[in-house]
Amino acid sequence: MNFSLLFANDIKLFFPEIFLAFAILLIMIYGVFLATSISYNYPLISRNIYFLTLYCLFLTILLTLMNPVDFAVVFQKTFVHDDLSRIAKLFVLGSSFCCLLLSQSYLERAQINNYEYFLLILFSVLGLDLLTSSYDLLSAYLAIELQALSFYVLAAFQRKSVFSTEAGLKYFILGAFSSGLLLYSFSLIYGFTGTTNLINIKNFCLDLNFDGVNSLKVALIFLCAGFLFKIAAFPFHMWSPDVYEGSPTSTTVFFAVVPKLAVLTFFVRLLTYSFSNFADIWEKLLLFSAIGSIIYASFVALKQDSLKRLLAYSGISHVGFLLLPLSTNNLDGAQALFFYTLVYVITSLPVWGVVLSSMSQKKNSHITVLAGLPITNPVLAFLGALSFFSLAGIPPLAGFYAKVFVFFCAIKSSLFFAAFIVLAVSVISTYYYISIVKTIYFEKNKNWIFYEEISREKSWILSISLVLLVFIFINPNLLLLCSQKMALSVF
């Protein structure tokens, strides 16, 4: 056997991730040698690293798009390349690219000028990319920990801020606990099935009698608990508001927009593909978490004065809308889940873009930081209002279709109580989104109003996001096709 050709095709198929990994190493070497150079008087190279990071993400997107293979299982069934992983990677890379562009002015004003910040972003993106393609429990766990360890440091990156340090410490402690739950569930699954590969686990479970497999049932409970923590779902949401508020706003944007799709991609693949025979267990757990997330987060958000905490509870509520179609365990549910996730990512970009622009001159995160925005930038205020309306599910915006699909998916699966909850809570949650719009347009800012010129790159991202929100409502076929391809990869 010629061992030099053993993984030749696998390397070609996995070239975007390999390129990103080598790019991270090269940027790290460049940063270490130049930042500690005496001859250059220890220069600040954060701006150089920032543009290199954007360039690497852009090239990785192109390499992912140019991959000609539709389906392949590579590296001894450790990773898979299919429509689900390809589309998820493109959205993870694209949203990361946009988050960095939106955060540029904030990073400069917050004086986050350490080049390690961008390396941590790249490490987390690499971990999320690997997670979307994971076809084995071990590779998935390593990918989760790669992005989690980067997130812990990013949350506590402002060392002079007590709130940032507190956020990083809370995230680390609770994140380590959830990782322990995942690792324990993986060990139980391996102990019972004798394998960590998703294909082999599926084949093992198909020939298994449902009764009398208590250890596997316990493993599924711990598995769901660990993953529900990673996506901040009820009742494992307790870390989200504190981490969102304490972290630098540029980091909060990344937490809110990027990782949910990657984590849900593997979670859906694992449950609906490998453990479809045990759907009676995880369907009930996810339905309970979905209803709890929607009800609890929507009511608690009504009393929030902090903009970042309010958006954290808004995110928890939206996670409930994501889990509800997953609990139906059918093709329509998976398509509704992925459609909602893609719309949520597109909607979150302009929302957090407005927040970043409003908070760059102010150190507090009170909702009143948005007051007076129509005076300094009426176009940005209008875009922010439309973005919040889309989160609320108000037509004619894409968020309306997303919630309608979830509602009809619940009706079709005879989850009438859950459908009623979706309808009722959507009306309640509209209140706090409209209250934000009211603050933008009708409240007077009692502090100094600063005018900040928005960069051309940020203007393009915000404008394109707004056009997409309206266009998807008029013609959702492209996003429906993407979500259908993603759903067909697991059903």
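Quick reminder: no glycine exception, Cβ is built from N, Cα and C everywhere.
A TrEMBL annotation is a machine prediction, not a hand-curated record.
If you look up TrEMBL, you'll see 134-428 marked as domain 'NADH:quinone oxidoreductase/Mrp antiporter transmembrane'.
Look at TrEMBL and you will find 20-42 (among others) tagged as transmembrane segment.
Counting same-chain residues at least six beyond the ends of the transmembrane segment (49-66), those with a Cβ under 8 angstroms from any Cβ of the stretch are 15-16, 19-20, 23-24, 27, 30-31, 86, 89-90, 93-94, 96-97, 100-101, 104, 107, 115, 118-119, 121-122, 125, 129. Among the features that TrEMBL reports, transmembrane segment is placed at 49-66 (among others).
The annotation transmembrane segment is assigned in TrEMBL to 86-103 (among others).
The feature transmembrane segment is assigned by TrEMBL to 115-132 (among others).
Annotated transmembrane segment per TrEMBL: 169-192 (among others), in sequence order.
Listed as Cβ neighbours of the transmembrane segment (218-239) (distance under 8 Å, sequence separation of 6 or more from its ends, same chain) are residues 144, 148, 170-171, 174-175, 177-179, 181-182, 184-186, 188-189, 192, 259-260, 263-264, 267, 270, 275, 278, 281-282, 285-286, 289-290, 292-293, 296-297, 312, 315-316, 319-320, 322-323. Feature annotation from TrEMBL assigns transmembrane segment to 218-239 (among others).
Sequence-distant contacts of the transmembrane segment (251-273) (same chain, at least 6 residues past either end, Cβ-Cβ under 8 Å): 84-85, 88, 91-92, 95-96, 98-99, 102-103, 121, 124-125, 128-129, 131-132, 134, 140, 144, 147, 151, 154-155, 157, 198, 202, 223, 227, 230-231, 243-245, 279, 282, 308, 311-312, 315, 319, 322, 326, 329, 334, 337, 341-342, 344-345, 348-349, 352, 355-356, 486, 489-491. Among the features that TrEMBL reports, transmembrane segment is placed at 251-273 (among others).
The list of residues near the transmembrane segment (285-303) in space but at least 6 beyond its ends in sequence, with Cβ under 8 angstroms from a Cβ of it, reads 220-221, 224, 228, 233-235, 237, 310, 313-317, 319-324, 326-327, 415, 418, 421-422, 425, 428-429, 431-432. What TrEMBL records for 285-303 (among others) is transmembrane segment.
Sequence-distant contacts of the transmembrane segment (334-355), counting only residues of its own chain at least 6 positions beyond either end whose CB sits under 8 Å from a CB of the stretch, comprise 91, 95, 98-99, 102, 249, 252-253, 256-257, 260-261, 264, 268, 272, 307-308, 311, 318, 321-322, 325-326, 370, 373, 380-381, 383-384, 386-388, 390-391, 397-399, 401-403, 405-406, 409, 458, 461-462, 465-466, 468-469, 472, 476, 479-480, 482-484, 486-487, 490-491. Per TrEMBL, transmembrane segment is recorded for 334-355 (among others).
Beyond the transmembrane segment (367-392), the same-chain residues lying 6 or more positions past its ends with a Cβ under 8 Å from any Cβ of the stretch are 305-307, 310, 314, 318, 343, 347-348, 350-351, 354, 357-359, 398-400, 426, 429-430, 433-437, 439-441, 443-446, 449-452, 454, 462-463, 465-466, 469. Marked as transmembrane segment by TrEMBL: 367-392 (among others).
The feature transmembrane segment is assigned by TrEMBL to 404-434 (among others).
The transmembrane segment feature in TrEMBL is assigned to 460-481 (among others).
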Long-range Cβ neighbours of the transmembrane segment (404-434) (under 8 Å; 6 or more residues past either end):
287, 290-291, 294-295, 298-299, 301-302, 304, 310, 314, 317, 321, 324-325, 327-328, 330, 332-333, 335-336, 339-340, 388-389, 391-394
Positions on the same chain near the transmembrane segment (86-103), where near means CB under 8 A and six or more residues out:
16, 50, 53-54, 57-58, 60-61, 64-65, 67, 118, 121, 125, 128-129, 132-133, 249-250, 253-254, 257-258, 261-262, 265, 342, 345, 349, 352-353, 356, 455, 457-458, 461, 482, 485-486
Do any residues of this chain, six or more beyond the ends of the transmembrane segment (460-481), have a C-beta under 8 angstroms from a C-beta of it, and if so which?
98, 101-102, 335, 339, 342-343, 346-347, 349-350, 353-354, 380, 383, 386-387, 390, 395-401, 454
